[in-house]
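Handing you a structure now.
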Amino acid sequence: MQFGIFSVSDITRDPVSGETPSEAERIDAIVQIAEKAEEVGLDVFAIGEHHNPPFFSSAPTTLLSHIAARTKKLIVSTATTLITTNDPVRIAEEYAMLQHLSKGRMDLMLGRGNTAPVYPWFGQDIRQSLPLALENYNLLHRLWREDVVDWEGKFRTPLQGFTSTPRPLDDLPPFVWHGSIRTPEIAEQAAFYGDGFFANNIFWPKEHYMRLIKFYRQRYAHYGHGTEKQAIVGLGGQAYIAKRSQDALKEFRPYFNEAPVYGHGPKMEDFMEMTPLSVGSPQEVIDKTLTFREHFGDYQRQMFLMDHAGLPLKMVLNQLDLLGEEVVPVLRKEIESRQDPETAKPPTHALRVKEKYGDEPARQPKPNANRGDNVTGGSPYQDTE
Amino acid sequence: MTTQKQLVMVSAGTSDPSSTRLLADRVAQRVATLGVQKQLTVGIKTIELRELAGEIANALVSNHIGPKLQKAIDALQHADGIVASTPVYKAGASGLFTSFFQILDNDLLIAKPVVLAATAGTARHALVVDDQMRGLFAYLRTVVVPTSLFAATEDWTDPGLNKRIDRAALELVALIAAGFEKTVRDDSWGRYQHEFGSAGGTELSIDLDSDLMKLAAGGQA
């Protein structure tokens, strides 16, 4: 089981101090947060993608490759990468590059994005968001698996003899999670390809996510990738931890009350009752997180949202200390002892290389000399005809 | 041999008891009485929206359905008939009333028979039910009985109101007894628009042969 943190990259006014960090301050902070995640023993750091203020993360692979360079073991990922407004060709190229630079310590999560004005900025239409996402991923999937792609679809310029470079590290495509909160088609696509499925699990009651995860597991088995229990599931979560639960409630309440999306709405206690939010002592956060597997089945990755709603850097780093030192070690131990033995291991590059190649060496494609295109002659790589 | 039916009253009245609730009560009582003649045993559940005001506001701004609101949704989902009653404010149905119905899934109330009722301090608001409220319930694909109920202050002493209550109650009982909702839902449910998890979390059918599902499984758009 992997544990990590994910950030939406919001730059939000701290409701206690009244201060809004500058973009520069928040970008510096996120690098420190990611480094801290590794230091306290977390496995994954993921960043969102946005193209409008008050968010800073418009260029996730740039940030993630910087973080990968400053860390040793941390897996860098996204939450989410926009499979609608990004050209799938650029996703293929950028994330393959990140995969090389991080030596395989990366994966990515795809999502559609629900900010309507963003779509036309990139020449797209939110009303076509779902078919666009599905078609784009069908293409992305091929670009990472076929050296030369001929392709024609409804939304993008056709491709003739196109090679996405660099080829994935060890010729093994990055692992992909499909994030969705309500769309069976996205769960179906994740299941069809044997990819992971991620439910952000933050805003809505668990019953909602249980239905979709169940469908994904059934379809994963239907397509022959393994049993329902072996499907690859990730979950979001949200926590605020303090040694004493009354301090946690007191400290987090002003941030909860003014948080983007759910602030100015439900009472924090009601929200805790009905959603996965935990605010309390390490033991309370542990207890609540341990219920997730009972609802959704055993799963591979648990992500926590820890740095949003204007929480200042110092508090976030303190939260990470508590998460990494007092919560996650217990969760690892408890979940290991309770987990169904059939459960799949979390995806890592090393594990997947082993699955693909066994003890054989991985393919390392070497290009032929430049011919100006990929259409004339055979393969652009030396090891294939 | 009688059949058990469930009537759900929704009242947006604010005082206790309110004339809005009183009007709904009188309809419900008449429905129960008339139901007996049709071999129907009508149970009555009441949803007082004032008790849900906070959760309704939360749901509107954050999609978050609180426990009391969920109970009300479950009750409506299983209702065989509905009496929906609201005070008129500023020439329209109470915002509490419209907010509540705006939160519901579009397909929760399909084909359910409804009596609409409103109360006001002046007869000048008399057309609010027919001009404004019917549109909302048409959108929700309910079947609203022909007689709308409206009671201004003077109507409470006018025997004409009782006649209209009788008419509306009979119309509702006729629709319930005829099994209109069941016929529509049994034979035609799939022809209405649904989302995964809609109809209060009960709509779980997925069309695996749709164009989008084929695209999801590697096909062409």
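The backbone N, Cα and C atoms fix where each Cβ goes, and this holds for glycine too.
Any TrEMBL annotation is an automated prediction that lacks curation.
Under the heading compositional bias 'Basic and acidic residues', TrEMBL lists A:352-363. Sequence annotations record features per position, and here TrEMBL assigns compositional bias 'Polar residues' to A:371-385. For A:1-295, the entry in TrEMBL reads domain 'Luciferase-like'. Residues or ranges marked as region 'Disordered' in TrEMBL: A:336-385.
Describe each of these features in terms of where it is and what it packs against.
When Cβ-Cβ distances below 8 Å are used as the criterion, the compositional bias 'Basic and acidic residues' (A:352-363) is approached by residues 104, 170-172, 175, 383 of the same chain, each at least six residues removed from its ends.
For the region 'Disordered' (A:336-385), the DSSP counts in helix, strand and coil order read 12 helix, 2 strand, 36 coil.
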Express the predicted model's confidence over the domain 'Luciferase-like' (A:1-295) as a mean pLDDT, rounded to an integer.
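That region's mean pLDDT is 95.
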